[in-house]
Structure formats: structure tokens, C-alpha cells
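Listed in TrEMBL for this protein:
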type	residues	note
TRANSMEM	39-65	transmembrane segment
TRANSMEM	77-101	transmembrane segment
TRANSMEM	208-226	transmembrane segment
TRANSMEM	333-349	transmembrane segment
TRANSMEM	355-372	transmembrane segment
TRANSMEM	392-412	transmembrane segment
TRANSMEM	424-441	transmembrane segment
Amino acid sequence: QINFVACQLFALLAAFWFRIYLGPSHASSAVRHAFATLFGIYFAVFCFGWYSIHLFVLVMMNYGIMNMASIPNIHRYSFVVAMGYLTLCHISRIYIFHYGILTTDFSGPLMIITQKITTLACQLHDGIGRQAEELTAEQNRLAVKTRPSLLEYLSYLLNFMSIIAGPCSNYKDYIAFIEGRHVHMKLLEVNWKQKGYDRLPDPSPTGAVMYKLCITLVSLILFLTLTKNFPMAYIIDNEFLDKTPFLSRLGYLYVVTQAAKPKYYFAWTLADAVNNAAGYGFSGVDERGTFRWDLLSNLNIWNIETATSFKMYIENWNIQTAAWLKRVCYDRAPWYPTALTFILSALWHGIYPGYYFTFLTGILITLAARAIRNNCRHHFLSSVPLKIAYDVVTWVVTQLAVCYTVAPFVMLAVEPTIKFYKSMYFHMHILSILVLLMLPIRPQAHSIRKPQNQDTQNSLKSK
């Protein structure tokens, strides 16, 4: 943990230096690629020692696949090799380290690299191996038309801004950033003249970085105070279960779940700030004319804490991983996209049994929540009081459903997970099954069937 924080703080300083002294106007793309790659390799070795060899082995294996495999199969081979290697490393954590988390746990960076490898392979397949009319608008926009050089490939996968904590980004966005086209490319996607600018502006990320560092500091304080004092393990303590009524246990479950969040808020927001400090992560101009630096943001804390649906919560938590799952699985799955996406998410996270309890429960609750929303929500939109009442009830249910779902993710093992669900009387499982049995399920259109001239956002509605 100390190595992680030290590396990320050093990466933050290096990112400022990178933007000021190695900006596109001061250095060539090759120099920027080389610097980002060498610093990333140094951080990996510093944090993980000899374990970092796993990162480099996976990167080089897939570089060989990218150059030797046929385009129609490049995404399949890359996916199998990357996910297979990641899974073998996950297995070693259980059978060698017995559920312990290594002080030199390299699985996090390996997970991010796996995302990037499979993302690039799919986008390369889209750009070279498929016709434009077969792609959605998003796939067409992100398609990669030529195989990257070795330096570009290494820079994309191992750059110092994302080697430790991510996030995953699209290859075309990263290359545009290195070449100095990133900000202008995003500005040209909106009509910046209508935003009140008479010439193409040059936005600075300093304000966004300072804001995110403030969130990081608050998250760190909360982690050091709340997380240690409200352990998840207490909710299955025998004395606690014997003396605490069910509703009180539900309330405490919400508290301990809230206490587990700050470490994720800290790590993801700091990683976002590092990328912004380097000048990467600009996403355009909002309706008020404010520059946005959330292209790589991994969470929206306000939307998470005020979510009134399971879907809304998922869409604002680990955003870049959700985008990866959508692009490599959901949009390409020939059948059962929701189930396959949850299963891939569980496999990517690891092979701890608790992960599978969480994601399989998530499938059930997602389907039930979708059925309730499709069949009931429109009845509460006729008046403001009804809408407010609906929002309050769905907020409470959503927050408790998330707590119920993610508890096994923290517990990891089978025995405490079963003990927890027994103490909760499996109530969310039972309610979800009853909902699915009683309410009609409307068929969902699948985005893979839609041509590029249709709005790809329709594919998200079915999630």
C-alpha cells in the first residue's frame, strides 16, 4: 500500500512535468511514448519486483498475437490468451497464498493490461476485419485501422499514468493524446463556438486535478477512520447475529458497505488526477460551457450515493471497466449478453467464490429491477408527490440491494458468504425470483444487431 501511494504521488509529479516539459510542442511523439513507457516499467518494477515479469510476459505474448494472428481471429486469440493468463495468476493467489493479498499483489495492473489488450484487439478487428456498415456508431468511431508499432503498443499498455491503477482507455484516444490532438479532437466533437468561444480554447487540467486531489484526501481520511472501525466481517459475528434484529442488521450492512468504499474512491480518483495532470482525460464542454475532464473517470460519487436503480448504480461505479465489458462482451455477445457480461466481470476480478456469488446475484437482481422499472415506473410519473415517493423507495431498495449483493465480494470465501445470506434469509434472492415469476419480461433489443446509424446508447437501456 505504501509503494502504491508513493508511486502514484510520484506519477502525479511526473505527469505535471510530462505535460509542461514534454508537451507535444516540446517533444516528438516518439519521445513522449518512450518516456511514458520507461517510467511505467520503472514503477511496475519498483512496486512489484520480480512479479512485474508477469506484466511484461503478457504484453509481449499478445504483441506476437497482434502481428501474427489473422484479423478475423485476432480479438478471439487475444481475449483467450489475456484472460487465460490472468486467470492462472488469480488461481495462484488462492492455492498458493490462501486468500491472502500479497504486499506485492500484481493482479491489479495485470487486470488493467488485460482490459487494454482485449480492447485494442477488438477495435483492431473492427477497423480492419469488418465493414463500416456492420459496426455501431461507437465501434466505428473507435475502430483502429492499422496495427500499432512496438513503441506505440508498449506505451499504450505500460505508460506510467495508468500502469499502477488504470484506468483502461481507448487506443485512439491515447494516441491522440500523445500526438497532441486529444483536446482539439474532443473540442471539435462539440460546437465550441456556440459555447461562447471565438477561437479554439486551450483548457488547463489544473482545476480538475486540484478538485480530484481534494476528493482523494477526503477519501483517505475516511478510509483511515471509517474503514478500520466498521469491518465487513462483523456482520456475520455470532454475537452480533444473536443480539441484533433483522432491520438493525440491514442498517449496519449499509454502514459497513459505505465504510468499504473510500479506498476505491481514493485509488480511482487519484489515478484519474494523474492522467489529467499529464493532459489526458479531456472530454469536451458541458451545457454551461465548462471544460470537462472526466473521459477517464472511474466513478461518479454523487450518482452512486443517490442512485435510484441498480442500473444507475452500476453505470457510475467502476465506469471504465463497465465500458470495457460493454465493448468486448455485451455488444458482441450472440446471446444472453447481460448474463455473459456479469460472468466475464466475475472471471476478470478473480476466482474467489465470493466474486461469483456477487455477480450471479447481480444478474438476478438486475433482471428483477428491470422488470419492476418497465412495468411499474410509468404509474408514478403522473404527479410530483408520487414521483418523489417512488424515488425515495427505489433509493432505499437500490442501496440495500447493492449492499446485499457486494457483501460476498468483500468476504471472498464460501462459508462466510453462506452464513451472511442465511442471516439475511436470502430475502433479495427470493424477492427477485418472485418478481421475475409475477411480472412480464419485455424483450430487449441487442445492440450487436444495430447498424451504425442507430444510436448506440439504446444498447445501454437493456442493461
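Note that Cβ sites are derived from N, Cα and C of the backbone, with glycine treated the same way.
Distant neighbours of the transmembrane segment (208-226): 258-259, 262-263, 265-266, 269-270, 272-273, 276-277, 281, 291, 293, 301; these residues of the same chain sit at least 6 beyond its ends, with a Cβ under 8 Å from one of its Cβ atoms. In this chain, the transmembrane segment (39-65) does not touch the transmembrane segment (424-441); fewer than three CB pairs sit within less than 8 A of each other, excluding pairs fewer than 6 residues apart. Outside the transmembrane segment (39-65) by six or more residues, the chain places 3-4, 7, 10-11, 14, 74, 77-78, 81-82, 85-86, 89, 102, 104-106, 109-110, 113-114, 117, 121, 150, 153-154, 157-164 with a CB less than 8 A from a CB of the stretch. Panel annotation: around the transmembrane segment (355-372), residues 309-311, 314, 338-339, 342-343, 345-346, 349, 398, 401, 404-409, 412, 417, 421, 428-429, 431-433, 435-436, 439-441, 462-463 of the same chain, lying at least six beyond its termini, place a Cβ under 8 Å from a Cβ of the stretch.
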